Amino acid sequence: MGECPFAHQANVDRKRVPAAGFGTKNSDWWPNAVKLNVLRQHQAKSDPFNAEFDYAAAFNSLDYDALKKDLTHLMTDSQDWWPADYGHYGGFFIRMSWHAAGTYRVQDGRGGGGEGQQRFAPLNSWPDNGNLDKARRLLWPIKQKYGNKISWADLLLLAGNVALESMGFKTFGFAGGRADTWEADQSTYWGGETTWLANDVRYEEGTKNGGDINDLKNRNLDHALAASHMGLIYVNPEGPNGEPDPVAAAHDIRTTFGRMAMNDEETVALIAGGHTFGKTHGAGNPDLVGPEPNGAPIEAQGFGWTSKHGSGKAGDAITSGLEVVWTSKPTEWSNLYLKYLFEFEWEHDKSPAGANQFVAKNADAIIPDPFDPSKKRRPTMLTTDLSLRYDPAYEKISRRFLENHDEFADAFARAWFQLLHRDMGPRARWLGPEVPKEILIWEDPVPTADYALVDDRDLAGLKQAIFATGVEPSKFLATAWASAASYRDSDKRGGANGARIRLAPMKDWEVNNPQQLAEVIKALEGVQQQFNSSNQGGKKISIADLIVLAGNAALEKASGLPVPFTPGRTDATQEQTEVDTFEFLKPVADGFRNYGQSTDRVCAEQILIDRANLLTLTPPELTVLIGGLRALGLNYNGSSHGVLTHRRGQLSNDFFVNLLDMSTEWKAADGGKGEVFDGVDRKSGQKKWSATRADLVFGSQAELRALAENYAQADNADKFKKDFVTAWNKVMNLDRFDVKKSNIARARF
């Protein structure tokens, strides 16, 4: 980004810079204060298209074949300013794509290549992304040519796919549809270390519940993370903490790849397939490498890692510090990686940069030099490559792939496709002529509606039938919210479409009140059966639609306002649900329903903000939803915490009015734990209310209090109701990628 050189002179630091955004900040005074910045990301003001650009339409107008042809040409169009190894950029672009997508983690769905974040800090300056700025610069003429029809997010991944194809590999397919963002993501927790490649914090946190931080073969990584070091995508290729121990490295590999939702077979396929191509770079002293893009001077124009070792490029290039070429044909698809892995015995060696690696013992020099045809070298491997041989489970898979090349190719194609698309969400988002026909379970597939959808006349009758079941309206509201609010925008999983709330694992989550949920689902199944069997001109309705419709009908009753509804959701089956990874959507705590409490590291209100970010909520939307959900009484298990109203079940702004009432004093009510509070009358001392941290934050955090005051005003009672209905409708439709935004029914008052 170009650091200001003057800030380093005369002991000037950022706190002394008299310019916008500098000086001592609120976060310096109150580092643990609740921050709302993650709820203001990716807004229209930071988007040059003002959020009105239809990327799907633009992509569908793209000459896809011409783009791929240009990318294929680029692979062998070596540039003097960054020459291609072996005259082919294939391995380079594979690494770029892999590192763009490989930050994904299944725990919270964040990371991944879905937003083109590799262009921004910190990812653009991670040590593991060294010199990938050059890969993006090589792509720029193509991006410039095709413009808005191909996003950076799609291009960064498509380039890797084309790279594989240009070297003789048959890929599984490719789907476009990733719209670009225009600012660095602030929501992802990458760890607590403040030094590149450090890992003390993540393993200290990981071993709090057991394990030994010094036991490299068994240590536990922080549950929130998926990389073994700050600034790495997965693991240290030299081995755990730089120790060249392949068996210990296998433990780190299994942990980090597993947190990307990859099993052992997919992990072996990815490593063995990816390392069939290209090389690593460690030609000399790494101290001669300059600062990363974000730390480079302004004249570098975002070009980082400039090296003073020789020419700094080609045969003099230094990236990871490792100097490894895996096969004798690094620009061709082959089984040579696995062949060499088992054919040779390996001995510890050091790269010219001093990094730990391995070289084939007593082997001939059969590996070509990337720039000098007259030179050869012995086969080399990374510590983490040897894990595929010396870890018993990995070895079994690796030997099977060695003996069955077609099986290996298919496994790599599938694993690579999953790597690039895991955070794409439902197939309705997938665009382009290379979308594979095979449905994969990790897509969270939902059936296509093969029937006529209901209209307004049908909806009126269905609402009557819903209320005729005798189920309390609040239970319909609770189920609709639980279903829709399971969505997370990070990887587009969850949501109401599919009605997975009636399937394992969601149906058994404590937060969803399984007994009440079963009652609601049974009632709605009766309504569905009656309607669908009546053969209303071929019309049918799904349970997914009925869950939302029932919630909407109950909200109309509670608010007196019309609530828009867009039909078309369908019902997934248990066989279409990947239970083990869906379990990661289960909330530890949920402030929207006053469920759970703070952890030893995160306060309940911070968990609430994190959840609001995953729901793409703005601060006003978060505020109005909390106020409305409390008034409606939608707490977990019927709790009265935060229900600051004597009209429970009616949509009102009472939560804000009573929260801000200065006649009430709040006191801890849980023995000093600071999770539950009583609101008592200042004069009489009589208890009036109870609340949690997720409630009181709307009176304590200044920005949230300002919004609470807005909704508590006498002239904003109606505005509150309308804003709540609008925000409710947004959440109900967050996963409706099957419908254009312009076709989703909007609240009209």
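Each residue's number is its place along the chain shown, starting with 1.
Cβ atoms are placed via backbone N, Cα and C, with glycine included.
Given the structure is predicted, the values throughout are model-derived calculations rather than measurements.
According to Swiss-Prot, the feature active site, proton acceptor maps to H99. The heme b binding site feature in Swiss-Prot is assigned to H275. According to Swiss-Prot, the site 'Transition state stabilizer' annotation covers R95.
Overlay of Swiss-Prot annotations on the structure.
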{"residue": "R95", "record": "site 'Transition state stabilizer'", "Cβ within 10 Å": "25"}
{"residue": "H99", "record": "active site, proton acceptor", "Cβ within 10 Å": "23"}
{"residue": "H275", "record": "heme b binding site", "Cβ within 10 Å": "25"}
DSSP-derived class (H/G/I helix, E/B strand, else coil) of R95 (site 'Transition state stabilizer'):
helix
Inter-residue Cα distance where the pair is H275 (heme b binding site) and the residue listed as 'active site, proton acceptor', in Å:
14
To the nearest whole angstrom, state the Cα distance for the pair H275 (heme b binding site) and R95 (site 'Transition state stabilizer').
10
